[in-house]
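Over in Swiss-Prot, the protein carries these features:
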BINDING   GLY11, PRO12, VAL13, GLY14, SER15, GLY16, LYS17, THR18  GTP binding site
Amino acid sequence: MSSKLRVGVAGPVGSGKTALLETLCLSLKNNYEIAVVTNDIYTKEDANFLINKKVLEEGRIIGVETGGCPHTAIREDCSLNKNAVLDLENRYKPLDFVFVESGGDNLASSFSPELVDLSIYVIDVSAGDKIPRKGGPGITRSDLLLINKIDLADMVGANLNIMKSDTEFMRKGKPWFFTNLSTGIGVEEITRFLESQIPNNQN
């Protein structure tokens, strides 16, 4: 492997996965070598969004059209994504981070250990405060859970205290953060977490 850390980013449609990648690329690229793989079923919309935002040079972003279930493309048959990651690692070695964004999926989404070293799962407050207690691999087993769009809590009647309590119960000590990626809340904490996971940076 010619990248130090492959990071999977998953979560339901509209939760903020692409916004997370945009934010992380902009905050990390001055100090680290980064590349990104995005997944969409029939288009390369997320890749084009990141390219148009100029978060990285165009060659460092690859869009994968999965043509089917987002979960299958990151778990059962991850060959398309694996090939895209290897392509980027061969083109831009050595890389510090390769981010792999799954297409929008449900709470059962999880990455193959052959594809990524760790996973981030993103949910958002607008789906309701019951989401953390519904469980699923994304909630309970991801290496980092993000509860995004906390600014919408009052508008959708979501109780952040309930979400906090349920998340702490479901996560059993695993890290998680409240975030508002549009204003930068939580970005520093996410960045520190990722930096701590780089093999050479671990104590």
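Note that Cβ sites are derived from N, Cα and C of the backbone, with glycine treated the same way.
Cβ neighbour count for GLY11 (GTP binding site) (all protein chains, 10 Å cutoff from its Cβ): 27.
Within the same chain, residues at least 6 positions away in sequence whose Cβ sits under 8 Å from that of GLY16 (GTP binding site) are VAL122, ASP124, LEU146, ASN148, LYS149, THR179, LEU181. In this structure, of the binding-site residues PRO12, GLY14, the smallest number of CB atoms within 10 A of the CB marks GLY14.
One way to see the shell of the GTP site is to take the Cβ centroid of GLY11, PRO12, VAL13, GLY14, SER15, GLY16, LYS17, THR18; the remaining same-chain residues with a Cβ within 8 Å of it are GLY104, VAL122, ASP124, ASN148. VAL13 (GTP binding site): 10 other CB atoms within 10 A of its CB, across all protein chains.
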